[in-house]
Amino acid sequence: MRQILIAVGLALAVSILLTPVLIRLFTRQGFGHEIREDGPPTHHKKRGTPSMGGVAILAGIWVSYLGTHLVGLALDGEGPSASGLLVLGLATALGIVGFIDDLIKIRRARNLGLNKTAKTVGILAAALLFGVLALQFGNADGLTPGSPELSYVREIATVTLAPMIFVLFCVVLVSAWSNAVNFTDGLDGLAAGAMAMVCAAYVLITFWQYRNACATSPGLGCYNVRDPLDLALVAAAAAGACIGFLWWNAAPAKIFMGDTGSLALGGIIAGLSVTSRTEILAVVLGALFVAEVTSVVVQILAFRTTGRRVFRMAPFHHHFELVGWAETTVIIRFWLLTAIACGLGVALFYGEWLTAVGA
């Protein structure tokens with residue numbers, strides 16, 4: 001628990017202190033955000049706001065993760081794990097794709113960065129590598145970071161995926177989550193605040209898995225997760241970094257995370273869900289992100305098949321703006337819905353454990 005608190009504190013400190021430095025630097029360099037022309041009229045005043053703030057989030061996560069482990073090693077703790085490094089590696093790779101996308105948008109002074117093919121290839125490459133490596137690095141108990149068995153809050157023994165299918169499943173998860181967070185990042189602080197809550201929920205889940213790991217506490221309800229404590233540190237670092245960034249990203253935002261941050265944070269959710277064996281539960285925890293990306297898919301399908309739109313604009317947070325909700329109202333209400341979803345997800349996780357132990 002001490003390491004988790006250190007991870008949150010370090011990430012928050014780095015993020016909240018580095019972000020204003022980036023604001024000044026990016027402002028001097030003219031790294032301003034471009035606004036989509038067909039977006040809500042109230043958003044045009046945001047044109048020129050510095051972007052690529054995801055650099056501060058990733059920096060906060062990495063400094064926190066490595067710093068916490070240095071402290072842990074001094075206190076006879078363990079070093080970084082395969083699971084933790086895989087999740088952070090995935091997030092960083094996606095963050096690099098997002099950074100290139102953001103940079104191209106800025107250079108071209110328009111809201112169009114990497115073309116769809118290049119961006120998709122970058123995301124798929126990161127996802128494929130993650131999926132392949134997730135089934136490597138078996139520990140003394142034979143546990144690998146990922147499991148070919150589909151998972152709800154633990155592995156579903158009746159649904160086992162072939163290695164190749166598992167890798168493809170990881171590709172779908174990574175692509176879906178990275179795009180989901182990316183679509184959600186359209187209002188000041190919305191994605192950062194929601195991510196902080198989802199990551200906080202994952203801290204509780206992975207720490208509980210650590211306290212009830214089959215390797216140390218065999219018995220009813222134990223969890224076969226390779227590195228649960230290290231995953232808790234990753235989740236704690238991500239939560240702290242998002243909170244620190246939110247200080248500057250809250251409405252009216254002084255900086256945006258850009259694709260650098262949104263793609264990386266989508267990778268955090270995808271990576272944590274695979275390595276903690278909670279791929280299905282993650283849909284509940286990240287219900288806001290799921291709803292946002294679903295609204296885009298529904299809008300596209302409806303328009304292509306009927307020629308009509310379901311929402312005034314997608315993602316659907318813009319729909320609520322266009323029907324008269326103030327931006328801050330949308331943000332706060334969506335945060336509340338995220339808090340409810342996270343609470344429900346944690347309750348489902350704990351309820352399954354109670355059932356497993358026969359309580």
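Heads up, the Cβ atoms here are built off N, Cα and C, so glycines get one too.
Taken from Swiss-Prot, the feature transmembrane segment applies to 3-23 (among others).
Taken from Swiss-Prot, the feature transmembrane segment applies to 55-75 (among others), supported by sequence analysis.
Cβ atoms under 8 Å from those of the transmembrane segment (84-104) belong to residues 51-52, 54-55, 58, 61-62, 65, 113-114, 119, 122-123, 125-127, 129-130, 133-134, 145, 174, 178, 182, 227, 230-231, 233-234, 258-268, 270-272, 275 of the same chain, restricted to positions at least 6 beyond its ends. Under the heading transmembrane segment, Swiss-Prot lists 84-104 (among others).
Within its own chain, the transmembrane segment (120-140) has Cβ neighbours under 8 Å at 82, 86, 89-90, 93-94, 96-97, 100, 114, 146, 148, 163, 166-171, 173-175, 178, 226, 263, 267, 270-271, 274-275, counting only residues six or more beyond its boundaries. For 120-140 (among others), the entry in Swiss-Prot reads transmembrane segment.
Taken from Swiss-Prot, the feature transmembrane segment applies to 156-176 (among others), supported by sequence analysis. Long-range contacts of the transmembrane segment (156-176) within the same chain: residues 90, 94, 120, 123-124, 126-128, 130-132, 134-135, 146, 148-150, 266-267, 270-271, 273-274, 279, 293, each at least 6 residues beyond the stretch ends and with a Cβ under 8 Å from a Cβ of the stretch.
Taken from Swiss-Prot, the feature transmembrane segment covers 187-207 (among others), and the record attributes it to sequence analysis. Packing against the transmembrane segment (187-207) from elsewhere in the chain are residues 1, 4, 57, 181, 225, 228-229, 231-232, 235-236, 238-239, 242-243, 245-246, 249-253, 257, 261-262, 265, 268-269, 272, 276, 278, 281, 285-286, 288-289, 317, 321, 327, 330-331, 334-335, 338-339, 342, 345-346, 349: each is 6 or more residues past its ends and has a CB under 8 Å from a CB in it.
The transmembrane segment annotation in Swiss-Prot covers 231-251 (among others).
Marked as transmembrane segment by Swiss-Prot: 255-275 (among others). Same-chain residues lying 6+ beyond the ends of the transmembrane segment (255-275) with a Cβ under 8 Å from its Cβ atoms: 19, 22-23, 26, 33, 49-55, 57-58, 61, 83, 86-88, 90-95, 97-99, 101-102, 113, 123, 126-127, 130, 134, 145-146, 170, 173-174, 176-182, 184-185, 191-192, 195, 198-199, 202, 206, 225-227, 231, 234-235, 238, 242, 245, 248-249, 281-282, 285-286, 289.
As annotated by Swiss-Prot, transmembrane segment applies to 280-300 (among others), with the evidence given as sequence analysis.
For the transmembrane segment (334-354), the list of distant contacts is 152-154, 187, 190, 193-194, 197-198, 200-201, 204-205, 208, 212, 221, 278, 281, 284-288, 317: same-chain residues at least six beyond its ends, Cβ to Cβ under 8 Å. Taken from Swiss-Prot, the feature transmembrane segment applies to 334-354 (among others).
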